[in-house]
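A.B. asks: Got these off Swiss-Prot a minute ago, pasting:
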- C60, C62, C75, C78: Zn(2+) 1 binding site (BINDING)
- D626, D628, D630: Mg(2+) binding site (BINDING)
- C1002, C1075, C1082, C1085: Zn(2+) 2 binding site (BINDING)
- 279-294: compositional bias 'Basic and acidic residues' (COMPBIAS)
- 265-294: region 'Disordered' (REGION)
- 1468-1504: region 'Disordered' (REGION)
Amino acid sequence: MLEINDFSAIRISLASPEDILSWSHGEVTKPETINYRTLKPERDGLFCERIFGPTKDWECYCGKYKRVRYKGVVCDKCGVEVTRSKVRRERMGHISLASPVSHIWFVKGTPSRLGLLLDISPRNLERVLYFASYMIVHVDEELKAQAREALQAEYREKRERIQQEAESKQIELSTQLTQDLGGMESAQITTQRRIEEEYRRLRDEISAEAERLRSDLEEKQGEAAEEDILFRGTVLIEEGEIITEKTLDALDELLDQELETLEQRKQRDLEDAEQLTGAERERKEYEASQERERLQERLQSELDRLVREEKERLEQIDSIKLKRILSEQEYRALREIAPGVFRADMGAGAVRDMIVRTIDLDKLAEELQNEVYTTQGQRRKKATKRLRVVEAFRKSGNRPEWMILTVLPVIPPDLRPMVQLDGGRFATSDLNDLYRRVINRNNRLKRLMELNAPEIIVRNEKRMLQEAVDALIDNGRRGRAVSGKGKHRLKSLSDMLKGKQGRFRQNLLGKRVDYSGRSVIVVGPDLKLHQCGLPKKMALELFKPFVMRRLVEKGFAHNIKSAKRIVERVRPEVWDVLEEVIKDYLVLLNRAPSLHRLSIQAFEAKLIEGSAIQLHPLVCAAFNADFDGDQMAVHVPLSRKAQEEARMRMLSKYNLLSPATGDPIITPSQDIVLGCYYLTMVKDGAKGSGKMFASIDEALLAYDKGLIDIQAPIFVRMTGTVYGESDRPVRMLSPDENGAPRMLLETTIGRIIFNNELLEPLRFRNRLIAKKGLREIIADCYKYYTNLNNLTEADLDTIRAMYGDRPRDDLARYFGSEMTASQADRIKTLGFRYATRGGMTIGVDDIEIPPKKQDILAEAEKRVTEVERQFRRGLITEEERYREIVEIWQNATKQTTEAVKQHLNPFGPVAMMVNSAARGNINQLSQMAGMRGLMSDPTGRIIELPIKSNFREGLSVLEYFVSTHGGRKGLADTALRTADAGYLTRRLIDVAQDNIVTIDDCGTDEGLWIYRADDREVLQDFEQRILGRLLAAPLVDPRTGEILANRNDEIDEALVRKCKELAIDAVYVRSPLACKADYGICRMCYGRNLATGKLVDIGEAVGIIAAQSIGEPGTQLTLRTFHTGGVASADDITQGLPRVQEIFEARTPKGKAILAEIDGIVELVREDEVRKIRVVATELYTDDHELPPHYEPVVADGAQVNEGDVLAQSNRADLNGEPIVARIAGVVRIGAGQISVINEEREVREVVAPHTARLAPGIENGARVVAGQHLTEGSADPQELLALQGREAVQRYLVNEAQKVYRSQGVDINDKHIEVIVRQMLRRVRIEEPGDTDYLPGELIDSTEFVRKNAEIISQGGEPATASTMLLGITKASLTTDSFLAAASFQETTRVLTEAAITGKVDYLRGLKENVVIGKLIPAGTGIEKRRQLAEEIIGELANVAPATSTAVVEQERPDREADEALRRRLRALIGGDGDDGERNNGDFDDQVGEDVVIPPDDDDQEA
């Protein structure tokens, strides 16, 4: 029973080197691909047959073994195994790398997983990996301590040596000084002696000279002097004077003076000599002290330098820590300081070494957990990020070192093929070039390492190998992308996966299929609704194998080969056989773009001549097809099951209602509408008007005889009643003999013919039938015939004969569809016939210009002139002038349109086309017969110059030029809009694709209030909005209190009518928004399936339907941002598609409204040209004190007091009363016998309103507002709204806002589709405090999973986690889905896969995309039935294995325990549980198992 794709979950993880080697069939050692002479793969090369398998089926490389009989033999000569060549699509090889290489996804992804794990910044990590920096990978702590001590000892020694040197120098200096001073003293004594001797000699000389002179004078005493007599230059006696005793006395005096002067000079010289010696001594002493100081300083600086140096080097040694990044210089310096203490390395090898040696995940997780709980801010954030990665590795069983590759897998050669082109050249996959680079560099590196090449060369080669592997895995992620010939970027393995051309979107989600073709479509007016015309040539090609088999069966050919020849020669019998084969066979028709599920429908093929496919005109609306050259594709469902499914679910006649709105999508249009309109018109005064007929047959006979006109009003007596309103008089007559009602009716032959084509219950419609009327007929027909009360058993038996016995509801649905389809076909035939008979056509003369036009234009011109005059006089501003003129011309255009309308001939073809809504509208007509009006310029601003002409008159050159703006803008908008709408649809599909109806009832009590008051806002009737919902609470008659319907009753048409009659204005209904189903949605919350009009079935893919319903009309939405009045102002509102994207992406809107943050009173303030809006919340607290009789207040009424102030005291001295004291601060109020203090607490929130912002209606001074209310006009920011008003308010807001956009464009979508998407946007919660759960702060968790986990924790007495609701945009929500396959196939493929691989994510294949990707049936529709059947089979097997007596089974008695557990796990996954958790199956599990089957428990169950 276990098949290759019979699994229920798929896991992705990192591959270990052992895994890679186990996948490999051999090592690729050579870069060669194929030999260009023999065109055979080279041995050990990238296409080697020995490794990857033979290139030809059952044939080895050398040709020794050929044919299938040698299957499995390995050739002894060439080593190739004889097998099928398709193994070359699955066999892998490997390259053993000479040096480890990092995987770029884990290095360059954000956040860098390797960086987080090692706590290294991505920049530093990159520098290590690409050999720019070293990383310390090993530290010998013992050696480090020794090195530290040695260094300290060395510097201690150095310091001592320097101090000793300094001391010896000091001693030397002192000795020198003492010597110098001693020398100076002896020199001084010598100098004194010399001076004494000198002066003694001089004294003796003077004395001798005086003595000589005295003796001369004594001799000549008494004589007159012959000449002047001098003594040492002084005149003693002049010439002629007599020498006397006085002269001798004078000589003695002079001698004494001379000797005294000499003595003084001697003393002076002695002093000078002494001073000189003193100064010299001082100088010497000063110099010595200076030298001493210098020595001291030098010593100190030397010591300081040593201390500094020691400190630096000690710091360097201390900084030797694991994971430290070093530059080349730092590495060299450290190696000198601390040789042998550490080992530093670079490249991926170093990182791998580091991880293997140092990372203990359990210990690291514990440390990080402590950090998360004990720190705040940035540190906590970082610890959380790191913890997330560590936990991922711990839980998944992946090893961190596997992020570094030592063995590189080589993908199978047929996935990177090489093909020969015409000119003998070869085209090859880029991957081969990238692999070749890796192999070349790897081989070169091996050779260099063998040769012991210099480190720098080896290192460079290692870096180049790293870059080659990076380019192979993800080219262009780091540095410049590797490009091949012609500068084109080579496509790497990552590029093979991502983007529209990647594996996911190109080959897994969408494939090209066989048994298909395409051709142009033409209209098939004679086809039935469920038929299509298939060209014979096409059918023969499509059904070739079937035809060949039938030819053999019928004996036209003996074997398939000859049958093939017959078909190729197109013998006549082929066509008969083809007719037989194709009878009752369904084909699928598809028109691209497939915007919704009705773009692919099944039809019975009808063989036709020609080459074009014929399509029924009524299904064009569903396909959005027309016949102006559209093409459609045909697909053949091959298996019986596929045929059955196509017939039951996809046949066009069973897809009559639009899944988006529930209205008929099979609506007659254009010619059919025109024919029916023509047929049901009344033309008073036409031939035969007013005649009376006794019966319908009589009237028809008169028409056949040409007595009355088809549109003439006549009176006819008939049986039955008028259906709905009648636009002509009706007189009821007495019933006929069977009791059937009869009436006399004014009608026309046309209406009789028309009603004859209607089914009995839908007659008699006596009014003008336009497009809307035809739609009503189809809708009424479907409603009538799908209602079981209107059907007989015979009716149901008809369907049973076709489809076997089914639930009565299903039978009614099929019967209703059959009847509606036949009704639609009858209307189609009738419409076409009478459109032809009526001969309505259109000519230029039918476009009549109303005579009033000139007057309207003249009036407008006059008013414009007046406005211009006022502007010139300065009475109005430029802005006002522009607005006035635009308004005048808009009014003129409206009046012209009205005039065209009135002037139209109601029986003219143009009026008939417009009024019947067959084609065109009054605005187009107005442009043809009235005036074109105002145009807008390329920016969307309205040009004030109107186009006064119409197309009938023709435009002037200027008018034509002005009108081209609008035309071109329209085309550009359409092109852009289509792409945008497509992308929006894709995002919506992705966010909702796993929303499938999985269970009957989730049991929630919550729901959604729908209010009549919202009608105006969302432009839809209250009745329409509640129809098809289920009640979440009983519906009560507001007047009598009578219960009209109970909880979980469907609100059908009858109940809706009752609500309207009783004017009930609010209903509490079940809604997808409130659904609590673990996976998907429950039937009750979803309600009615709009495509069938019945309660939704289990297995319906409601998420996809919702996304298609919103995305499909996306192209109709306008792209541009509207400028109201044409001028940019505060009420610039984004509309159309950009607004829808804004809503679903939960972005901050343009022109965001300011919301009130608290409940309170509005105060509008203006400060320095700044407008501020203040919201003040006040709360009053009153503290009353009773005043006893003899107490008097000591404060005045209205006074402000503080806490503790005296309020009143006794006025009588004899009574010693305590004073009354204020218990709170506030304002005093004195009343009769009491005194109160009123305290006012104010909370104020103030916002600055932009100049352009307009206040929201009702916002003025003193207005009361609630939190979340608009203070200014504009769109609210949904994130703000979520914070202020909570989840429900934001849900309602998003649904209503999206509806506003669609309805303003006239697009109808049911609310529930938008609700399904909004539910997905609010699915996640962000963890704030993890409590005792294993969540991390900031983690995004599914809300149902969060509630379940908390309940579990509380039941065990633990502390639950806290979280806040998150509103995610659809892109973000798609990427946070539980399925990694769905997320990876959506966007950011590499990021999603990186994350999934590290966490070892398991995809339980619950959504549609993931099942399509791996090629399983989707779990929707018949796929869910298949899963249930499979589950039942497994239960059967378990029942056989499990003993019915006890749940506990002894290990030894259960040899098949593992197989049994695997079965049980698969069962759980099938019925919607996890692989590991039996609790999550919404109760279906027990229902499936029943009473008598006992399921043996898991190990973990036993522990629990």
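Keep in mind that glycine also has a Cβ here, set from the backbone N, Cα and C atoms.
Context for these features, please: burial, neighbours, distances.
C.D. replies: C60 (Zn(2+) 1 binding site) is surrounded by 24 other CB atoms, counting those within 10 A of its CB over all protein chains shown. Secondary structure at C60 (Zn(2+) 1 binding site), as computed by DSSP, is coil.
On its own chain, D626 (Mg(2+) binding site) has C620 as residues at least 6 apart in sequence with a Cβ closer than 8 Å to its own Cβ.
C1002 (Zn(2+) 2 binding site) falls within neither a helix nor a strand when secondary structure is assigned with DSSP, and so counts as coil.
Under 8 Å from some Cβ of the compositional bias 'Basic and acidic residues' (279-294) lie the Cβ atoms of residues 170, 173-174, 176-177, 180-181, 184, all in the same chain and six or more residues away from its ends.
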A.B. asks: Could you state the CA-to-CA distance between C1082 (Zn(2+) 2 binding site) and C62 (Zn(2+) 1 binding site) to the nearest Å?
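C.D. replies: Just about 63 Å between their Cα atoms.
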A.B. asks: At a 10 Å cut-off from the C-beta of C1085 (Zn(2+) 2 binding site), count the other C-beta atoms across all protein chains.
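C.D. replies: Step by step: centre on the Cβ of C1085 (Zn(2+) 2 binding site), count other Cβ atoms within 10 Å, giving 31.
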A.B. asks: Using an 8 Å cut-off from the Cβ centroid of C1002, C1075, C1082, C1085, can you name the remaining same-chain residues around the Zn(2+) 2 site, in sequence order?
C.D. replies: I999, D1001, T1004, R1070, P1072, A1074, K1076, A1077, I1081, R1083, M1084, Y1086
A.B. asks: Measure from the CA atom of D630 (Mg(2+) binding site) to the CA atom of C1002 (Zn(2+) 2 binding site) and give the result in Å, rounded to a whole number.
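C.D. replies: Cα-Cα, rounded: 46 Å.
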A.B. asks: Looking at Cβ-Cβ distances, which residues of the chain lie under 8 angstroms from D630 (Mg(2+) binding site) while being 6 or more apart from it?
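C.D. replies: Residues satisfying the criterion: V520, I521, R591.
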A.B. asks: How many whole Å apart are the CA atoms of C75 (Zn(2+) 1 binding site) and D628 (Mg(2+) binding site)?
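C.D. replies: Between the alpha carbons of C75 (Zn(2+) 1 binding site) and D628 (Mg(2+) binding site) there are 62 Å.
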A.B. asks: With DSSP as the yardstick, break the compositional bias 'Basic and acidic residues' (279-294) down into helix, strand and coil residue counts.
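C.D. replies: Taking the compositional bias 'Basic and acidic residues' (279-294) as a whole: 16 helix, 0 strand, 0 coil.
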A.B. asks: Measure from the CA atom of D628 (Mg(2+) binding site) to the CA atom of C1085 (Zn(2+) 2 binding site) and give the result in Å, rounded to a whole number.
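C.D. replies: Given the Cα positions, C1085 (Zn(2+) 2 binding site) is 43 Å from D628 (Mg(2+) binding site).
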A.B. asks: Within a 10 Å radius around the Cβ, which one of these binding-site residues has the most neighbouring Cβ atoms: C62, C75, C1002, C1075, C1082?
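C.D. replies: Counting Cβ neighbours within 10 Å, the top one is C1075.
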A.B. asks: Tell me which of the binding-site residues C60, C62, C1075 ends up closest to D628 (Mg(2+) binding site) in space, Cα to Cα.
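C.D. replies: Comparing Cα positions, the closest of these binding-site residues turns out to be C1075.
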A.B. asks: Considering only the binding-site residues C60, C62, C78, which residue has the minimal Cα-Cα separation from C1075 (Zn(2+) 2 binding site)?
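C.D. replies: Closest recorded candidate to C1075 (Zn(2+) 2 binding site) by Cα: C60.
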A.B. asks: Note the Cβ centroid of D626, D628, D630, the recorded Mg(2+) site, then list each other residue of that chain whose Cβ lies within 8 Å of it, in sequence.
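C.D. replies: Checked against the 8 Å cutoff, the neighbours are I521, A625, F627, G629.
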A.B. asks: List the residues of the same chain that sit at least 6 positions away from C78 (Zn(2+) 1 binding site) in sequence and have their Cβ under 8 Å from its Cβ, in sequence order, or write 'none'.
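C.D. replies: Spatial neighbours, sequence-distant, of C78 (Zn(2+) 1 binding site): R43, E49, R50, C60, Y61, C62, K64.
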A.B. asks: Within 8 Å of the centroid of the Cβ atoms of C60, C62, C75, C78, which other residues of that chain place their own Cβ, given that this set defines the recorded Zn(2+) 1 site?
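C.D. replies: Neighbours within 8 Å of the Cβ centroid, excluding C60, C62, C75, C78: E49, Y61, G63, K64, Y65, K77, G79, V80.
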